[in-house]
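Participant: This is the structure I want to talk about, given as structure tokens.
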Amino acid sequence: ATLVASPFVPPQETLVGKYGEGAKLIYELQDQGGELLALRYDLTVPFARYLAMNKITTMKRYHVAKVYRRDNPAMTRGRYREFYQCDFDIAGQFDPMIPDAECLKIVHEILSDLQLGDFVIKVNHRRILNGMFAVCGVPESKFIPACSTVDKLDKIPWEEVRSEMVGEKGLSPEAADHIGEYVQLHGGLDLIERLLRDPKLSQNKLAREGLGDMKLLFEYLRLFGITGKISFDLSLARGLDYYTGVIFEAVLLQQDPEHGEEPLSVGSVAGGGRYDGLVGMFDPKGRKVPCVGVSIGIERIFSILEQRLEASGEKLRTTETQVLVATPQKHLLAARLKLISELWDAGIKAEMLYKKDPKLLKQLQYCENTGIPLAAIVGEQELADGVVKLRDVATREEVRV
């Protein structure tokens, strides 16, 4: 949280020109002092700025915080205007693909541990994309616009992507068709080998370097034992301008609709990549710090977990309350307040109903609904005997303490 803790950042120099077409989703605010501010759009740019401001050259950190998008919310799909992200980044000058492989290992581990069902992590490389655009006859000035159009392939069919490229982005129909042959390919090490032998791509220096990186990455991923969930996917483009190397995105696969389950319409739950130039943009001397990182969409994952719970009818325990202080008769609020105060002072997580004279059944029902395991009952008899009746809510066993 020490990293640019405030959600406000000066937009002109900090945010603009880093997010490609996403820039139109930045919330810009006019400060009272006439200063132009914006709400942060992600945690990566503030991280890069922090490294540059503090002259830090190596760092490995995670950061959970809110970000803001001026987007059309879609609650059912976990798309909000204000939401939490969890970022993990490795900054520093290291040997190729080792930190990149670790980032992918972390995403794999998180998605496996959360048991969100089947997923795939798509990977690609900015240099392979740029090399591909070059050999397909796209002028360099149109690489980034072409990129953001290709990035839509997971949402709309190739025909629509092609017409946007030609109609809106001004690419020639030949170039678009040419790109179409590549971006529909996906696979693993076999595809990398095949593209390294591709007569056109292998002639391009950028594509060759990118494919070399990919080959190395897949070797490390094999050693980590996670290649089963990784797909080298040439359609993955990620619309952000600051990526320079490997890019990746984790996608949840649909539930099997045969078993009567509603398939969940959920897209990407994590994404990231390498951004070697971003820190340099904030450094007065332009000193670069290579970085690679990943961002996990917490809210989106929550909305999936919530839908699953709802479908299964399971109850989720939302508190860690250990005991409910309850009374069986009227006029015993004072006894409850004294007992709960003692429990709180002893560091025990306790609750009581905010009513003077609640019915005992209602109090026990509350324990069942919220999953509180114990009820500490003080009635007139218990007060006279100087004891508390401790009830196990699930088994209904009682002991006097």
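Including glycine, each Cβ sits where the backbone N, Cα and C put it.
Summarising the annotation, TrEMBL assigns L-histidine binding site to Asp42, Leu43, Thr44, Arg69, Gln85, Asp89, Arg238, Tyr242, Tyr243. What TrEMBL records for 62-328 is domain 'Aminoacyl-transfer RNA synthetases class-II family profile'.
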Participant: Counting Cβ atoms within 10 Å of each candidate's own Cβ, which of the binding-site residues Thr44, Gln85 comes out highest?
Facilitator: Thr44
Participant: If you count Cβ atoms within 10 Å of the Cβ of Tyr243 (L-histidine binding site), leaving out that atom itself, what do you get?
Facilitator: 27
Participant: Asp42, Arg238: which of these binding-site residues has the sparsest Cβ neighbourhood within 10 Å?
Facilitator: Asp42
Participant: Can you check how the pLDDT averages out over the domain 'Aminoacyl-transfer RNA synthetases class-II family profile' (62-328)?
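Facilitator: Average per-residue pLDDT within the domain 'Aminoacyl-transfer RNA synthetases class-II family profile' (62-328): 89.
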Participant: Give me the largest Cα to Cα distance among Asp42, Leu43, Thr44, Arg69, Gln85, Asp89, Arg238, Tyr242, Tyr243, the residues the record lists as binding L-histidine, in Å as a whole number.
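Facilitator: Looking at Asp42, Leu43, Thr44, Arg69, Gln85, Asp89, Arg238, Tyr242, Tyr243 as a set, their Cα atoms extend up to 21 Å apart.
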